[in-house]
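Copied over from Swiss-Prot, here are the features:
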type     : residues : note
TRANSMEM : 5-25     : transmembrane segment
TRANSMEM : 57-77    : transmembrane segment
TRANSMEM : 81-101   : transmembrane segment
TRANSMEM : 117-137  : transmembrane segment
TRANSMEM : 147-167  : transmembrane segment
TRANSMEM : 176-196  : transmembrane segment
TRANSMEM : 203-223  : transmembrane segment
TRANSMEM : 227-247  : transmembrane segment
TRANSMEM : 250-270  : transmembrane segment
TRANSMEM : 302-322  : transmembrane segment
Amino acid sequence: MPEQAIVIAMAVSFLITVVLSPLFIPFLRRLKFGQSIREEGPKSHQKKSGTPTMGGIMILLAIVATTLWITPKIAGLSTRTYLLLLVTVGYGVLGFLDDMIKVVMKRNLGLTSRQKFIGQLLIAAIFFAVYRQSGFSTVLHIPGADWSVDLGWAYGVLLLFMLVGGSNAVNLTDGLDGLLAGTAAIAFGAYAVLAWNQGQYDVAVFCVAVVGAVLGFLVFNAHPAKVFMGDTGSLALGGAIAAVAVLTKLELLLVIIGGVFVIETLSVIIQVASFKTTGRRVFRMSPLHHHYELVGWSEWRIVVTFWAVGLLFAMLGIYIEVWM
């Protein structure tokens, strides 16, 4: 039964990360793969320096293993499944390279912005080439409205923007213990519901595999974090959520379901634009979660608040698509 497979997929993915983490975290410590904290960041973060990073490897292993095991049992391994894994693993590898450079150089710098952008663009281009070759629709639907437009090859521009922008937006959100793991679980959970509602059980299995993986990771990433996912995890999750939005044809709904990621990104854009044009900063620090830190909020209060906002956005997205 598909319903049982969904529950099993989430449970298996959760258990993989929960079982692997106690083994993998000490291994990262022995390798001295600790997070370096940027000097211009909040002073309270300096005590986190040296916390093992690259925990996203465990998330990736759980997602890939669960998807490849459970999906054939209810829907078969489709092109959609392979596309999702292509983006997830591809962006994960890119993040891994970024993290490796950081831990080897012992400073909070990895790939250059240009190198990272080229890598993101290349993976997105491969995704679109396979997507187009496989005959998937290039029609863009307006959520909650009976209106759509066929973008043709221009859809590729939208797709590239979503994958590159999505991975960067999610990456920006990964700044506090448990913040990204929780908001990602909520966003992927919403898309799991919508994919299931469409009968795309393969996509639904992938989504719940992500939910299980990040919730299992959250056990060790909640404040005070014993491990960080690093760019290995954040870039992979960002690319994956964008790919899910594309394959479910709910591209525009990502702005709502991923509302927390959008707000975090906008806070950075507003901060930079304001400083360059007026010499003044709108926020004490960006992304937005750092602003609330400097205002005096506790880390746990910020994280739980952002989770709550993310849940509201997710429910709004489901309401728009299913009931409107």
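Each residue's number is its place along the chain shown, starting with 1.
Positions of Cβ are set from backbone N, Cα and C atoms, glycine also.
With pairs at least 6 apart in sequence, the transmembrane segment (147-167) and the transmembrane segment (302-322) have fewer than 3 Cβ pairs within the 8 Å limit; the two do not touch. The largest share of C-beta pairs under 8 angstroms with the transmembrane segment (176-196) comes from 227-247, of the ranges 57-77, 81-101, 117-137, 147-167, 227-247. With Cβ pairs under 8 Å as the measure, the transmembrane segment (203-223) is packed most heavily against 5-25, out of 5-25, 117-137, 147-167.
Counting only same-chain residues 6+ beyond the ends of the transmembrane segment (57-77), those with a CB under 8 A from a CB of the stretch are 2, 5, 8-9, 12-14, 16-17, 20-21, 24, 84-85, 88-89, 92, 96, 201-202, 205-206, 209-210, 212-214, 216-217, 229, 232-233, 236-237, 240. Stretch with the most C-beta contacts under 8 angstroms to the transmembrane segment (81-101), considering only 5-25, 117-137, 147-167, 227-247, 250-270: 227-247. Here the transmembrane segment (5-25) has long-range neighbours at 52, 55, 57-59, 61-63, 65-67, 69-70, 73-74, 192, 196, 201, 204-205, 208-217, 219-220, 226-227, meaning same-chain residues at least 6 beyond its ends whose C-beta is under 8 angstroms from one of its own.
Residues 79, 82-83, 86-87, 90-91, 94, 97, 111, 156, 159-160, 163-164, 167-168, 235, 239, 243, 246-247, 249 of the same chain lie 6+ residues outside the transmembrane segment (117-137) yet bring a C-beta within less than 8 angstroms of a C-beta in it.
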